[in-house]
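Asker: Sharing a structure below in structure tokens format, with a few things to ask.
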Amino acid sequence: MAADSQTPWLLTFSLLCLLWPQEAGAFPAMPLSSLFANAVLRAQHLHQLAADTYKEFERAYIPEGQRYSIQNAQAAFCFSETIPAPTGKEEAQQRTDMELLRFSLLLIQSWLGPVQFLSRIFTNSLMFGTSDRVYEKLKDLEEGIQALMQELEDGSPRIGQILKQTYDKFDANMRSDDALLKNYGLLSCFKKDLHKAETYLRVMKCRRFAESSCAF
């Protein structure tokens with residue numbers, strides 16, 4: 001990839017890092033509304049980062065004429081599509097807060113391993129020179145969700161232990177068409193799963209605190 005094409009990646013990632021909530025990873029005792037606000041903010045930043053990464057990877061590696069057919073083939077690629085998690089806001093509103101938190105935790109934990117290999121597919125890009133930054137952000141969100149679960153624990157069965165699964169690692173062989181398609185698919189799933197987690201958290205926050213920002 002040409003040096004000029006790396007610039008948007010670097011600028012986007014740098015901006016998101018600057019906007020990331022301070023004292024990341026720390027969830028001291030605080031009001032429930034603050035726990036939800038922090039978790040939602042982290043999920044929003046991660047979803048935006050995933051969406052921008054997917055878009056830039058697509059622009060750099062996937063010919064425009066092939067994108068539509070490839071995207072259709074990716075529909076059944078994400079393992080998260082095989083679990084009984086809500087697929088949108090309306091379905092999420094029919095689930096309890098604890099169910100949504102457990103699905104959110106499952107989605108986040110499924111990416112903790114794969115994101116540690118991101119730097120291997122972006123070896124010429126400063127954006128993912130250290131993939132542990134993305135890993136740390138996922139860990140921050142994981143801790144935030146776990147803090148909420150502790151506050152709302154209701155004794156219901158834990159689905160995460162039954163459905164827990166992870167994605168394959170990203171493929172570093174960027175000269176292979178198969179590897180490019182695999183990484184493209186993984187980034188698509190990363191974006192979709194973080195969008196789901198963000199949606200679940202926002203639904204919970206809105207129905208508990210009836211905010212004007214609930215229209216999303």
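Keep in mind that glycine also has a Cβ here, set from the backbone N, Cα and C atoms.
Small disclaimer: the values here were computed from a predicted structure and weren't measured.
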Asker: Looking at Swiss-Prot, which one of CYS17, CYS78 makes a disulfide with CYS189?
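Answerer: Cross-referencing Swiss-Prot, the cysteine bonded to CYS189 turns out to be CYS78.
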Asker: What are the non-local neighbours of CYS78 (disulfide bond), defined as same-chain residues 6+ apart in sequence with CB under 8 A from its CB?
Answerer: SER188, CYS189, LYS192, ASP193
Asker: Using a 10 Å cut-off on Cβ-Cβ distances across all protein chains shown, tell me which of the disulfide-bonded residues (CYS189, CYS206) has the largest neighbour count.
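Answerer: The most densely surrounded of these disulfide-bonded residues is CYS189.
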